[in-house]
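Colleague: This is the structure I want to talk about, given as structure tokens.
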Amino acid sequence: MAKENSKIALDIEGYLKEHENKDMLRFLTCGSVDDGKSTLIGRMLYDSKMIFDDQLSAAEGESRKYGTTGEKLDMALLVDGLQSEREQGITIDVAYRFFATEKRKFIIADTPGHEQYTRNMVTGASTADVAIILIDARKGILTQTRRHSFIVNLLGIEHVIVAINKMDLVDFSEEVFDKISGAYGALADELGIKNTYYIPVSALEGDNVVDRSKRSPWFSGQPLLGLLDSMDISKEPKEEDFRFPVQYVNRPNLDFRGFCGTIAAGLVRTGDEITVLPSGKTTKVKNIVNAGDITEKNRETMTEYAYAPMAVTITTEDEVDISRGDMIVHTKNLPRVSNSLKVMLVWMDETPMEPGKTYDIKRATSVVPGFIEHINYKVDINTYEREQVHRLGLNDIASCKMVLTQPIAADAYETNRLTGSFIVVDRISNDTVGAGMIVGVSRREEDVVKLSAKEYTDAERALNLYVRENFPEWECKVI
């Protein structure tokens, strides 16, 4: 990597420019404990010469102290960063690494295999385009393989690469490879995973990771890095699916008022008719500002159109009441607006979730108080069986009915990851205690929860005022 280091040091601007126009692919590695996830990533980084000299020197020292590969460099130590990870030889936290090839940029999420760290794996999978599921060639499909495959499918990852690892320990047997591939194919069909790819690898020795291996002449496919380089994950932005969660209102002077945020989906042009939700107010896009001095006199900062995931400022032709948490969409393609949602919830806190308790539900830029009205069923992610429960514990995944104190504009998660997902925040500790995906939004009148207006006493109003003035972090609403 010394030559690469010198190149960066001599021409940092050129190095950045070389990579800025490459498309980005995010992938995660998952599988059972000790299947070699961290070793695979370490090998990929090492063989693609993306390890800096100081990182390599540190890893060599740690390898002598904690390594399990004798005199050889323990590739897993290039990724496992926590002291407890190195000492125990396992992955606990989600480790992110960046590297690039001639064709593409990559962000890797190395996720833990242990069941007690399921919430960490969900975090890593939430932004991934591709999942690499490792299977030990000696053990085949295990319970944790089934669990991770379920989570990968639940989070909408459409491409799954099955890396059958430690093939060197079974003499690169084609029979073993075919047996495991067939078994996982049946599992993928059961879950509804559409795009699966199978590669025989040895992460420790580097076979079929970056370069083709001579020890598997019967395998005609691409090595792992070649497959990641050539995989098509692009999706053309659909103009009609425009979603723009408003992050904040920008008013730098009396002559300008714009609405800032990152486009979550679709494409917008100046002159488009838009609707602000949940208020339902309509107007047209006057200008789209994407850089530089934010004034309507500075035409160089304007663009005729913008698309996901660009961060822009939008101005409107009419004075419309828009605030943080609102969503701007095309008038011809409105998402459903409701306060009653069907969700899949992953509970991430040691304190159990009990229906009826109020939490803050953070979806995109909006934060709305809400609660779980009913748990439909909990999924046993090892057997895929549904269980009836009254509350959720750490790492539980369940189908629930969630009710909010006010309606929001929402999409199903399978349609839009950003506007169809949310986190659950404890209102007292401010801890993130859960994460979820919107499965359905109630449209039928009888399904929408009616939150009737309540008549408050003078004492209740006084208490409300006291809480708002002295505990603003509670974000208590005005009554």
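Backbone N, Cα and C atoms are what each Cβ position is placed from, and that goes for glycine too.
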Colleague: Name the residue range among 15-22, 31-38, 143-150, 335-342 that Swiss-Prot annotates as region 'G1'.
Modeller: 31-38
Colleague: Identify the region 'G3' range according to Swiss-Prot, selecting from 102-105, 110-113, 270-273, 442-445.
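Modeller: Per Swiss-Prot, the stretch marked region 'G3' is 110-113.
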Colleague: Looking at 89-93, 179-183, 319-323, 369-373, which stretch does Swiss-Prot describe as region 'G2'?
Modeller: 89-93
Colleague: Which residue range, 81-84, 165-168, 301-304, 393-396, is the one Swiss-Prot calls region 'G4'?
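Modeller: The listed stretch tagged region 'G4' in Swiss-Prot is 165-168.
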Colleague: Across the region 'G1' (31-38), what does the pLDDT come to on average, as a whole number?
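Modeller: Residues in the region 'G1' (31-38) carry a mean pLDDT of 77 in this prediction.
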Colleague: Taking DSSP as the reference, which of helix, strand or coil describes M167 (GTP binding site)?
Modeller: helix
Colleague: What is the Cβ neighbour count of D34 (GTP binding site) at a 10 Å cut-off, with all protein chains included?
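Modeller: Around D34 (GTP binding site), other Cβ atoms within 10 Å: 18.
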Colleague: When a 10 Å sphere is centred on the Cβ of G31 (GTP binding site), how many other Cβ atoms does it contain?
Modeller: 27
